[in-house]
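Student: I am attaching a structure below and will ask some questions about it afterwards.
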Amino acid sequence: MNFSALLSLVLMLVQPWPCSLSTQNCGTQSTDQAFTAVRRVKRGWVWEPLFATEEQTSMVPVYVGQLKSDLDKQDGNLEYILTGEGAGSTFIIDENNGKIYVTQKLDREKKPFYTLRAQVISRKTQLPIEPESEFIIKVRDINDHEPQFLDGPYVATVPEMSPEGTSVTQVTATDGDDPSYGNSARLLYSLIQGQPYFSVEPKTGVIRMASQMDRETKDQYLVIIQAKDMVGQAGAFSATATVTINLSDINDNPPKFQQRLYHMSVSEEAPVGTTVGKVFAEDSDIGENAAMNYFIEEDSAGVFDIITNNETQEGIILLKKRVDYESKRRYSIRAKVVNRYIDYRFLKEGPFEDRTVVKISVENADEPPVFTLENYVMEISEGAMSGSLVGTVTARDPDDDDCPVRYSIVHGMHLKRLFSINEHNGTIITTKPLDREIASWHNITVTATETRNPEKISEVNVYIQVLDVNDHAPEFPKYYETFVCENAVSGQLIQSISAVDQDDSEEDHNFYFSLAQEATNNSHFTLKDNQDNTAGIFTAKSGYRRQEQFYFYLPVVILDNGTPPLTSTNTLTITVCDCDTKVNTFYCRYGAFMYAIGLSTEALVAVLACILILLVFFLAIVAIRQQRKKSPFSEKMEEFRENIVRYDDEGGGEEDTEAFDISALRTRTVMRTHKPRKKVTTEIHSLYRQSLQVGPDSAIFRQFISEKLEEANTDPTAPPYDSLQTYAFEGTGSLAGSLSSLGSTMSDADQSYDYLTDWGPNFKQLASMYASHRSVRD
């Protein structure tokens with residue numbers, strides 16, 4: 001038995017097929033348009049793949065195709081069953097004849113195919129007649145999507161004057177339809193706006209230059225590109241995109257001067273660097289393509305210069321040299337401007353430079369006097385008499401009227417005291433002699449002023465050199481500290497000497513050394529000239545005695561080679577030192593010092609010993625006095641300081657041994673300020689009597705207790721472990737009354753304390769105290 005699908009399937013519609021939005025064709029689709037049948041054989045099944053066309057709308061089931069078994073006798077005994085994707089919802093099958101219908105709108109872009117399974121069973125036995133077979137229903141695309149430019153709007157830049165065919169940019173549109181079926185997704189590009197300057201390739205969307213364009217004419221173009229699907233056929237969908245194309249600048253224009261001739265003027269008083277005027281050249285390009293440099297081509301005198309202002313692109317003409325109206329009144333120069341950056345592709349268009357003529361007139365001005373020299377250098381010998389001629393300066397008025405000039409010296413009053421100038425002829429003379437050794441050069445400033453216009457002033461520097469005259473004799477360069485040992489041998493070098501001279505010499509200084517006439521026959525020392533501006537002092541004998549002569553004074557004559565030659569006599573002091581042949585400078589200085597104060601070494605040691613003994617004696621006296629100032633009771637006071645404590649409790653009587661902890665009294669506390677102990681015997685008696693009357697809450701009672709407590713705490717002379725316990729109030733309501741004798745009306749003189757001796761040993765101390773008190777009173 002074979003179960004096969006129809007070899008040729010016919011799409012049957014319940015209602016006419018809706019009009020296609022892409023083709024605008026209405027009517028029933030033909031079998032060839034709806035399906036493509038491919039025969040397949042699987043086991044006993046023979047079926048053809050089914051295709052369904054996606055719908056824009058579908059209100060009723062649409063016939064797709066039919067499955068039929070060879071065993072179907074069309075007697076209603078067989079039942080067709082459809083399962084798989086969309087079975088029962090998107091696709092349904094007529095169980096009697098196997099016809100398949102689509103009940104919902106299909107969208108290929110969401111789901112391009114469905115996989116289903118078909119089976120035929122017997123209605124009576126419910127058993128399969130054919131094994132289950134799988135098949136696919138593919139959704140065929142229709143043109144239901146418009147093209148889209150996802151990256152628009154576009155902006156592109158292309159250099160100006162680009163040749164025809166130069167690629168500018170590429171635009172790309174997308175279409176959601178199936179590119180593998182039909183022409184729904186095949187796009188065609190066209191140019192709606194932008195002719196005749198641009199073109200677009202229909203298949204690729206590449207925009208190209210259609211002609212050369214000049215940015216200076218128009219620098220921006222708006223191009224509209226259209227993309228159509230269905231290869232541009234009628235009824236196809238389309239979309240447009242806007243492309244803004246900017247032309248970038250290139251250096252295709254040379255600079256041009258605004259004027260072919262410029263007229264300028266400059267005053268003859270203008271200093272170097274003054275701006276004479278400006279020239280300007282225009283360049284249609286922009287940015288660095290418009291950058292330019294200015295030059296001066298023809299200026300034989302070299303009076304003017306030109307620089308470029310990079311911000312304004314102007315040429316600024318400057319004064320390079322001073323001008324003079326009386327010498328030359330007009331100048332003509334040629335200025336050139338050249339592009340700084342040249343595009344060699346356009347050199348054939350011509351040179352990228354331009355030229356112009358600048359005529360400059362010199363304006364006359366009342367100029368200040370002009371000196372014949374920029375500065376003057378003069379010479380005068382030192383020591384020249386006051387009024388000696390130094391030199392002459394000359395200035396004149398460069399104007400035609402040749403105004404007279406007056407001279408003067410400025411800049412420093414001290415220079416006026418040294419020099420003066422004739423205000424009429426500029427002659428400079430000295431006012432006092434000059435000393436080269438004080439100042440070898442003098443710099444003065446001379447002014448020349450027009451007599452008719454004092455505001456016109458010129459200055460010039462005058463440098464005066466003072467020429468040297470041999471007026472200073474040579475001398476020792478320093479003080480020589482010379483020593484000779486007592487045991488020196490004859491011919492021993494003891495000192496090398498040299499000389500200096502404050503004067504200048506046309507040649508090198510030459511000094512000649514010799515002993516003075518009075519020392520020529522000196523038997524102690526000799527001098528040897530080394531012929532190199534130095535000399536040596538030598539001993540002339542062996543052995544020197546300090547006791548005989550401690551100092552020797554040797555006169556040395558020094559002669560220079562000046563004109564005329566000058567001499568000077570310098571005294572060399574030689575000290576005899578207690579040493580062998582080698583000099584110990586420190587020891588010799590010490591010996592010289594002792595000799596100067598007139599003491600020997602032994603005497604100096606004795607003086608120092610005496611001073612040391614006096615110092616020791618003084619320190620001993622100071623130490624003894626400090627020792628005596630110490631207190632003789634320091635150790636005892638320290639002991640008291642260790643045991644005195646402060647306590648506020650009032651024990652329970654003589655028999656009370658637990659009123660306070662006696663060990664607390666042995667704790668060291670701070671020593672309090674000493675206060676003299678008061679004799680308060682009588683005061684205690686009177687206050688105690690009052691306290692019996694007023695009671696413990698009375699202010700008098702509290703004051704008494706506070707005072708006694710303060711005295712006990714601050715008294716440093718009380719013996720250690722002393723505890724004063726005072727009980728002046730024994731309470732109220734006792735039938736026996738008070739037992740204290742303090743409350744008696746009798747005076748102390750009427751009291752007898754002899755009975756205390758009969759109270760036993762416990763009251764022995766008390767009896768002795770009152771007995772001694774009575775005897776003292778009597």
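Each residue, glycine too, has its Cβ placed from N, Cα and C.
TrEMBL does not curate its annotations; it predicts them automatically.
What TrEMBL shows for this protein is this:
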{"type": "SIGNAL", "residues": "1-22", "note": "signal peptide"}
{"type": "DOMAIN", "residues": "69-149", "note": "domain 'Cadherin'"}
{"type": "DOMAIN", "residues": "150-257", "note": "domain 'Cadherin'"}
{"type": "REGION", "residues": "160-179", "note": "region 'Disordered'"}
{"type": "COMPBIAS", "residues": "164-173", "note": "compositional bias 'Polar residues'"}
{"type": "DOMAIN", "residues": "258-371", "note": "domain 'Cadherin'"}
{"type": "DOMAIN", "residues": "372-476", "note": "domain 'Cadherin'"}
{"type": "DOMAIN", "residues": "476-586", "note": "domain 'Cadherin'"}
{"type": "TRANSMEM", "residues": "603-624", "note": "transmembrane segment"}
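I would like each feature placed in context: is it buried or exposed, what are its neighbours, and how far apart are things?
Tutor: When the domain 'Cadherin' (69-149) is classified with DSSP, helix, strand and coil residues number 0 helix, 40 strand, 41 coil.
For the region 'Disordered' (160-179), DSSP puts the residue distribution at 0 helix, 5 strand, 15 coil.
For the compositional bias 'Polar residues' (164-173), the residues of the chain that approach it from at least six positions outside its boundaries are 147-152, 154, 156, 158, 187, 189, 198, 200, 204-212, 225, 227, 239, 241, 243, 245, judged by C-beta separation under 8 angstroms.
In the domain 'Cadherin' (372-476), the DSSP tally of helix, strand and coil residues is 6 helix, 48 strand, 51 coil.
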Student: Please list the DSSP helix, strand and coil residue counts for the domain 'Cadherin' (258-371).
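Tutor: Grouping H, G, I as helix and E, B as strand yields 10 helix, 57 strand, 47 coil.
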Student: Just to be sure I understand, if DSSP states are collapsed into helix, strand and coil, how many residues of the domain 'Cadherin' (150-257) fall in each?
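Tutor: Here the numbers are 3 helix, 46 strand, 59 coil.
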Student: Please average pLDDT over the domain 'Cadherin' (372-476) for the predicted structure.
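Tutor: Within the domain 'Cadherin' (372-476), the model's average pLDDT equals 87.
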